[in-house]
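Accompanying notes for the structure given below.
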Amino acid sequence: MDAMRQSTPRAMLLLCAVLMLAVAPPGAATAAAVAGCECGNAAAAAVAGEDARGALRLKLVAIASILAAGAAGVLVPVLGRSFAALRPDGDVFFAVKAFAAGVILATGMVHILPAAFDALASPCGGGRGGGGGFPFAGLVAMAAAMATMMIDSVAAGYYRRSHFKKPRPVDDPADAARAAGVEEGGAEHAGHVHVHTHATHGHAHGHVHSHGHGHGHSHGSAPAAATSPEDASVAETIRHRVVSQVLELGILVHSVIIGVSLGASLRPSSIRPLVGALSFHQFFEGIGLGGCIVQANFKAKATVIMATFFSLTAPVGIALGIAISSSYSKHSSTALVVEGVFNSAAAGILIYMSLVDLLAADFNNPKLQTNTKLQLAVYLALFLGAGMMSLLAIWA
């Protein structure tokens, strides 16, 4: 009985407390929780602000580092023309080009194309390109490779036609020498070479006449075919110019994308490893592009313009990413689709250029095929370039 009397006041107090909680205003019950959330939000905002400032510092470092690395890479072959070992017809240049081709091939196959598949297969991007859907990334890469082949062929044909339609000198020293040989062999008539260029047959005929002067006649409306060593050299230079311009187009598209992606990132932990990886990436790609520019024999102005465009594209992309970082979301549907399509196109261009215009042209060169030591050195350089660029995929 006494125990019941002692417990009654406690029960009454507990009941009063429950009733007070029940009738208390909703704000009073959550005031402490709201205060805690405000403190948590303030701390999170402070951390986010510190991350943003650290990320901005790293982005500025990345702009300077990538700019310097790209410029150094593209200038190595260009300035290397002053050294006999690095001239376009030297053995060392074959190895440098093979290394650069391996870098470009790995860039397309290991870096860009998988990223394109991931972007187009992402659920945020609508699930295009992977899973049970259609592989749009592969389709775009294939279309870009075929378009590159068409541009390569059409542009080279146009430049050849425009070059060989130009007026040609009539009295060629080689023809004059051959004519002199005929005269020394017992020709009865003395004089100069009378040249008839037959476009339909694609060759020139030298006839010795008794006239005391030379004549040049051109028959037909089509240009003469490139049969002389000089014409073959011009055709090869035209091919190298087209290759270098199309290759730079593919590299520029890719450089803008990776620059914007890095510039829009807000986490220092994700930017820090990219600075070094992308610097090496731009350096190796610059070597490949610089080698093509050297072989194309561009004038100094065109060389400077192409080197400048390559060097500035990725840093400009980073600056653009910084400018739009507040509104840009790389995980949005639009961003993923655009990035996936452009990455696929860039991958198709670079894969085609590395295999067809760089590797196939050099590995079918008689100078390489008749030199076993040079062949082994070039293969080693190719595998080294592709391997080193593939290794960078761990960080970038």
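Positions of Cβ are set from backbone N, Cα and C atoms, glycine also.
Taken from Swiss-Prot, the feature signal peptide covers 1-30, and the record attributes it to sequence analysis. Annotated transmembrane segment per Swiss-Prot: 60-80, 92-112, 131-151, 246-266, 274-294, 304-324, 336-356, 376-396, in sequence order. Residues annotated as compositional bias 'Basic residues' in Swiss-Prot: 203-218. Taken from Swiss-Prot, the feature compositional bias 'Low complexity' applies to 219-228.
At the 8 Å Cβ cutoff, the transmembrane segment (304-324) and the transmembrane segment (274-294) share at least 3 close pairs (sequence separation 6 or more) and count as touching. Remote same-chain partners of the transmembrane segment (336-356), defined as residues 6 or more beyond its termini with a Cβ less than 8 Å from a stretch Cβ, comprise 101-102, 104-105, 107-109, 112-113, 115-120, 122, 124-126, 128-129, 136-145, 148-149, 152, 243, 246-247, 249-251, 253-254, 257, 261, 330. When each of the listed stretches 246-266, 274-294, 376-396 is scored by C-beta pairs under 8 angstroms to the transmembrane segment (92-112), 376-396 comes out highest.
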